[in-house]
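Annotated features in TrEMBL:
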type: DOMAIN; residues: C:5-57; note: domain 'V-ATPase proteolipid subunit C-like'
type: SITE; residues: C:51; note: site 'Reversibly protonated during proton transport'
type: TRANSMEM; residues: C:43-61; note: transmembrane segment
């Protein structure tokens, strides 16, 4: 059993190491007709398009793709199911039916409806249309977006990390049944749990209430951290760089601190005592906007922007390999890009932790503000 | 702002919400509750053990202090007993000396008294003897000399002189 | 074009703010090394708030 586990780990590590160099290097190729999510990239515009494509969610899990010498496109990865809510109800099919097309030229027909994928979004074509037409600003004129519940790459990432966390921490929990001090990998996890509890939850929420919220804070901390880190692996997840995911996390925090807010917290917000009555409504508006909009908005935007920016910077530095090839030569450009991207990746590892820490810390702080016992005087 | 909103996918939001809710529930049930409970148990166990060790240390200290006190007391008692014994001894010696002095003094006194007595009695004897002797002498002298009146007077006068001299 | 100028202004402002926070935190730590942990935590929180503000402005302008 132990040997089997070790060999699985070894294979995984080797696979990861193999993909490291290839995944980011293979960049989209728009010269190849309608294939534009992989292939050879040379110009600045192609690099930009590829990066912007990467930081979006995608409907198939492609590790890398390349163009063979015969000009044939090869994709390494697997398709994911598409589940969409259309004007005719729920429609499901595999994303492979789009044949990796991302600019709306491949039309998939299901249940008498036509679908196209444009910039990682699935559009439903109007009844009479047979192909997507675009206006000058590259907006589709005869198609509209559908509600997309697909198992996208981000959802796969969430599921993967969710199972990983469950596996790790339930094992840690099990270890406590037989021994006082965990052994192996669980020993690494224990101080992290203690760190979140003692450095984030306890001081910000207070000794009295922290127990109720520690579960949420721990989950969020490890969820964000592991997803941030997985974004740095060649798997190429950008889950915490999806507005929907960070928005979801921020709204969770908003709901938690709004629901658990004490009477004093709400009273101070809506009808601030100790202030002239005329100023109170003004203050109420400011406070409400702060608590219900600005706090969650800053939470969601910070995480999203940091992680997206990190991905853009790392990939841009890797792209130096192509963009500066002419002025620095192959060796110079590759060396420069290697050195720069290496150090920026190190910084990104720090940022991955820091963003998880800040998100959890601010969540704890907001919760602490909501549940603390307000004294009547100021 | 527009691109931001364009990037936002409500479907993904819904799916993530469901998954996150499930994840939080599962993690709380299967991981965080048992982990935090056992951690707290362990911490309270450690705190208890530390408190117990501290108590034991204090008790030990108390015991040691007690021991020392006992030893001190015993030493003091011994000292006082010694002192007492010494005092008794001294007193006994002194008493003995006193007694001896008294006894000797008494003996000496008695001896002196008896010596005096003996002396007195000896003197009395001597006086008696001397008187008898002198009477005898006087008888004989008287027998011989009292033939003449003149001699008689002379004798008496001579005797009287002697007596007063005595 | 105007977005870019705005973004530049935001970055200048955020940079000044972050510099102030970092500098004052350093001074605080130098003055009271035993309070390092507390100062760091407060520094990170305030820096995060500032960062959120700056990112918000950047994305509103985008």
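For all residues, glycine too, the Cβ spot is worked out from N, Cα and C.
Sequence-distant contacts (6 or more apart, same chain, Cβ under 8 Å) of residue C:51 (site 'Reversibly protonated during proton transport') comprise C:14, C:18.
The DSSP breakdown of the domain 'V-ATPase proteolipid subunit C-like' (C:5-57), given as helix, strand and coil counts, is 52 helix, 0 strand, 1 coil. When pLDDT values are averaged over the domain 'V-ATPase proteolipid subunit C-like' (C:5-57), the model yields 89.
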